[in-house]
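Visitor: I have a structure I would like to understand better, so I am pasting it below and will then ask my questions one at a time.
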């Protein structure tokens with residue numbers, strides 16, 4: 001009883017899979033050139049990736065902060081560092097060392 005049922009299911013599965021393999025893909029599926037891009041589009045992607053990747057780490061390269069040296073000076077002064085926690089770095093630096 002089980003063997004004929006199993007054979008029938010296998011035959012049905014074979015017919016379904018064979019029918020799907022023989023069928024030609026439709027226009028939406030074929031997507032002429034969907035796996036490929038033009039040279040111009042490809043070079044734009046590569047340029048974009050090169051611009052934003054750090055070559056050693058493979059991660060986006062951070063933009064240098066122009067205020068980082070001043071922030072370190074303020075952090076080394078305990079009074080400036082404490083004031084920066086309350087009113088912000090730029091205002092604390094201005095009060096201790098002059099304009100930013």
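Cβ atoms here come from the backbone N, Cα and C positions, even for glycine.
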Visitor: Where Swiss-Prot marks 4-carboxyglutamate, which residue is it, choosing among 41, 72, 82?
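Guide: My reading of Swiss-Prot gives 72.
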Visitor: Write down the residue from 75, 91 that Swiss-Prot flags as 4-carboxyglutamate.
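Guide: Candidates were 75, 91; Swiss-Prot attaches 4-carboxyglutamate to 75.
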Visitor: In Swiss-Prot, which of these is labelled 4-hydroxyproline: 60, 78?
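Guide: Annotated as 4-hydroxyproline in Swiss-Prot: 60.
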Visitor: Please report the distance from the Cα of residue 74 (disulfide bond) to the Cα of residue 68 (Ca(2+) 1 binding site), rounded to the nearest angstrom.
Guide: 10
